[in-house]
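Here Swiss-Prot flags 1-37 as signal peptide, drawing on experimental evidence. The domain 'Ig-like C2-type' annotation in Swiss-Prot covers 38-131. For Asn92, Asn104, Asn140, Asn168, Asn292, Asn382, the entry in Swiss-Prot reads N-linked glycosylation site. Here Swiss-Prot flags 137-232 as domain 'Fibronectin type-III 1'. The annotation disulfide bond is assigned in Swiss-Prot to Cys143-Cys153, Cys184-Cys195. Positions annotated as phosphoserine by Swiss-Prot: Ser219. Annotated domain 'Fibronectin type-III 2' per Swiss-Prot: 237-341, in sequence order, evidence recorded as sequence analysis. Under the heading motif 'WSXWS motif', Swiss-Prot lists 327-331. According to Swiss-Prot, the region 'Disordered' annotation covers 332-363, 399-422.
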Amino acid sequence: MPAGRRGPAAQSARRPPPLLPLLLLLCVLGAPRAGSGAHTAVISPQDPTLLIGSSLLATCSVHGDPPGATAEGLYWTLNGRRLPPELSRVLNASTLALALANLNGSRQRSGDNLVCHARDGSILAGSCLYVGLPPEKPVNISCWSKNMKDLTCRWTPGAHGETFLHTNYSLKYKLRWYGQDNTCEEYHTVGPHSCHIPKDLALFTPYEIWVEATNRLGSARSDVLTLDILDVVTTDPPPDVHVSRVGGLEDQLSVRWVSPPALKDFLFQAKYQIRYRVEDSVDWKVVDDVSNQTSCRLAGLKPGTVYFVQVRCNPFGIYGSKKAGIWSEWSHPTAASTPRSERPGPGGGACEPRGGEPSSGPVRRELKQFLGWLKKHAYCSNLSFRLYDQWRAWMQKSHKTRNQDEGILPSGRRGTARGPAR
């Protein structure tokens with residue numbers, strides 16, 4: 001039994017005897033009973049169920065007078081390990097008693113094997129010992145419907161969790177105002193505590209859902225969850241996600257996808273999220289403000305870098321539902337790279353302004369500030385990108401105009417203040 005609480009039953013030899021594989025089957029196939037072997041004996045109580053921390057007084061009584069099977073020659077094993085002789089005492093010539101205190105939880109959900117042996121090691125009788133806790137009421141029930149065709153729910157066993165006993169969980173559901181109780185049948189679909197209802201679900205009518213837990217020491221029932229299928233809809237990840245460059249812009253990528261086809265016949269809205277990361281990183285950056293668009297431009301990216309992009313969908317407002325939907329899984333990653341930068345880096349031979357030329361430092365600083373702010377956000381708003389494109393167009397036009405002016409002026413007067421001719 002696990003060392004959750006210490007007790008004499010936990011003390012035993014370190015190496016189990018060769019009979020262990022056979023003993024592990026006793027509580028599954030049935031422990032030996034009177035008349036099952038050459039030496040007949042009975043263990044009492046038979047297959048007890050006890051709370052953790054309880055004590056047990058068991059006896060092994062030999063029937064008849066088989067040679068070598070007197071009480072003085074008997075001994076006990078628990079899960080294949082011989083128990084210390086000081087835990088036993090002879091009651092009479094044919095009965096050996098065993099006292100175990102402060103029992104730990106069972107090491108096997110099917111019960112621990114308590115076996116009475118003759119002097120030569122043969123098995124006389126066995127009993128299954130169940131030590132654990134009653135179940136607590138299940139909590140944290142959550143459910144979702146894939147494209148309004150089914151319902152999947154999962155839960156957690158309770159605050160304490162482990163009972164050390166086989167505990168059966170049943171998910172029950174019914175229409176709120178009428179109908180009979182139904183029991184979910186497809187368990188463990190998305191984890192150990194989950195169940196899937198594949199069909200025959202009603203829309204526009206609330207359901208009541210709860211979970212019942214039962215084991216040898218008792219039962220518990222969760223609180224009732226009331227939900228409408230339309231309020232817990234999720235869907236498949238957006239298909240056909242495409243990521244491409246935005247012309248020669250070295251810090252941007254364009255992302256496009258299509259709406260979930262499974263919901264094309266239903267009146268609903270959708271919210272989308274995008275996340276992206278660089279090729280050699282595991283950290284994702286999430287873009288939340290995509291709203292109901294099916295395209296987005298990521299900005300503030302690193303030039304000459306491979307990015308992985310994923311998209312997911314949250315359908316909401318189906319048939320007028322007021323509640324937010326449930327996010328789908330992320331789409332499969334799609335990769336694309338930004339163009340390499342053609343601008344020289346620090347110390348890379350950038351031309352400094354010639355003496356007397358007007359410096360474009362203030363404009364460059366302002367642009368740098370704008371781009372620095374943009375890199376902190378990945379905007380998917382068309383207005384934001386129109387503004388950004390206008391900014392770039394204005395800079396190019398301003399630069400071109402300045403170059404034309406400088407080409408008209410005589411070389412001696414370039415960069416000087418313009419004023420009325422004297």
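Using the three backbone atoms N, Cα and C, a Cβ is placed for every residue, glycine included.
From a predicted model like this one, the values you see are computed outputs, not experimental measurements.
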Candidate recorded positions Asn104, Asn140, Cys143, Cys153, Asn168, pick with smallest Cα gap to Cys184 (disulfide bond): Cys153
Per-residue pLDDT averaged over the domain 'Ig-like C2-type' (38-131), given as an integer: 90
All-chain count of other Cβ atoms within 10 Å of Cys184 (disulfide bond): 21
Counts by DSSP class (helix H/G/I, strand E/B, coil) across the domain 'Fibronectin type-III 2' (237-341): 6 helix, 40 strand, 59 coil
Long-range neighbours of the motif 'WSXWS motif' (327-331), counting only residues six or more past its ends (CB under 8 A): 234-239, 241, 257, 260, 273, 275, 310-314
Entry from the glycosylation sites list Asn92, Asn104, Asn140, Asn168, Asn292 having the most other CB atoms no farther than 10 A: Asn104
Closest of Asn140, Cys153, Asn168 to Cys195 (disulfide bond), Cα positions, recorded positions only: Cys153
Distant-in-sequence Cβ neighbours of Cys153 (disulfide bond), under 8 Å, six or more positions away: Ile141, Ser142, Cys143, Leu171, Cys184, Ser194, Cys195, Ile197, Ile209
Nonlocal residues around Ser219 (phosphoserine), in sequence order (Cβ under 8 Å, 6 or more apart): Pro134, Pro135, Glu212, Ala213
Neighbour-count leader, CB within 10 A, disulfide-bonded residues: Cys143, Cys195: Cys195
